[in-house]
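S.K.: Here it is, the structure, as structure tokens.
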Amino acid sequence: MLDPLPPPPSWLQNAVEPWALYFNLPTITDHIHEVILAFVFYQFIHSYLSPWLSPVLFPQHYPNFNKRTKLNWDVHVVSFVQSTVVCAAALWVLFTDKERKEMGVLERVYGYTGACGLIQALATGYFIYDLYVSVIYVKMFGLGMVFHGVSALWVFALGFRPFVNFYTPVFILYELSSPFLNMHWFFDKVNMTGSKAQWYNGMALLSVFFSCRLVWGTWRSVHVYSDMWQALSQTWSATASSASTLDPVNISANVFKIRDGNLCVDEACAKAQAEISKYSHYTAAGTPTWLVVTYILSNIVLNSLNYYWFSKMIETVLKRFRGPAAAPTKKEEKEGVKEEEEKDVVLDAAAKLEQEHDGLFLAEDQKASVLNSSTPNLVEDLRKRKVAAIPS
């Protein structure tokens, strides 16, 4: 399916093309305007829309937040909007992109459709925003968030080679859990911790996280591993044959089906079919081994973290709704403060798997909140002890 948005102006394509070819990312020339617009859109929400609209919608809460919490709130608003928009677009492409559905095994690795490129551009624009915010507020977020932003942008940009363009809307659906995760955080900030609304949202969060990341993600990961293995095996075979004949490697004839557009009833259909092999001359040499290894290792780490964080998220959500326990000892109070910090780090780390940008920042914010809430109780306890120590 063709990109539903119009192409970028020729002057912009010409300006970007030398850099795109230098980094071997040729398809980005068709989507550079979408990357830029996505970044500007997310930054506009962060800098203007959220700071203006949030006090209107939450006049009793947002104006009273400190600077740190307001920034964190705005970041969560961007994450909420981004995940909702990109998942809706990905689902639309999955159900309507006929050319994508007709791709063979190797075409799923080397093929290209403009609609999948659009999803990739929207996600890339967000990761650029995420990296920008992490760098600007590095003292708050920490270097770890900067490295995360660089890694996420690097891995996702590889799809512009093109490489596994077919799977772009597939793995973007990891983001389906992000709106619920952000809502869970918002409930805490508007004093709805432990409410029925947060409980229902928490159950939805766990259900969607389990379904999309663990079931769907693992199942589709096996598919992409299988496709990449076949592509890599073909590359090795073609390279060995080329070494004996001294001819350059060209796998295109064995990758792409012959599509002459005879079954199409309009020009758009013919263009969409031809678009699948549009960048075949850039992928004719096959798949580099380092590219497959990088992708698989990143995917394995991500899936492993998904399983780990899911278990932590269950523990975190359930603890928020347990009844009050017996009066804790002084040691247990200290451990409780530490536990509260860890719970929020868990939630942020889960959010970071989507992409996701709050981690250390939120941990510090919640740490301050926990300590502030415990201060009156501590003062009262010391006063009682002092009174008890006075001889009668």
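Glycine residues also receive a Cβ, built from the backbone N, Cα and C atoms like all the rest.
Features from TrEMBL:
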- 35-54: transmembrane segment (TRANSMEM)
- 68-322: domain 'TLC' (DOMAIN)
- 75-95: transmembrane segment (TRANSMEM)
- 110-129: transmembrane segment (TRANSMEM)
- 141-160: transmembrane segment (TRANSMEM)
- 166-187: transmembrane segment (TRANSMEM)
- 199-219: transmembrane segment (TRANSMEM)
- 290-310: transmembrane segment (TRANSMEM)
S.K.: Any contact between the transmembrane segment (35-54) and the transmembrane segment (110-129), i.e. 3 or more CB pairs below 8 Å with pairs at least 6 residues apart?
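M.R.: With 3 or more qualifying Cβ pairs, these stretches touch.
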S.K.: Where, among 110-129, 141-160, 199-219, do we find the most CB pairs under 8 A to the transmembrane segment (75-95)?
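M.R.: Between the candidates 110-129, 141-160, 199-219, the best contact partner of the transmembrane segment (75-95) is 110-129.
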S.K.: Mean pLDDT for the domain 'TLC' (68-322), rounded to an integer?
M.R.: 87
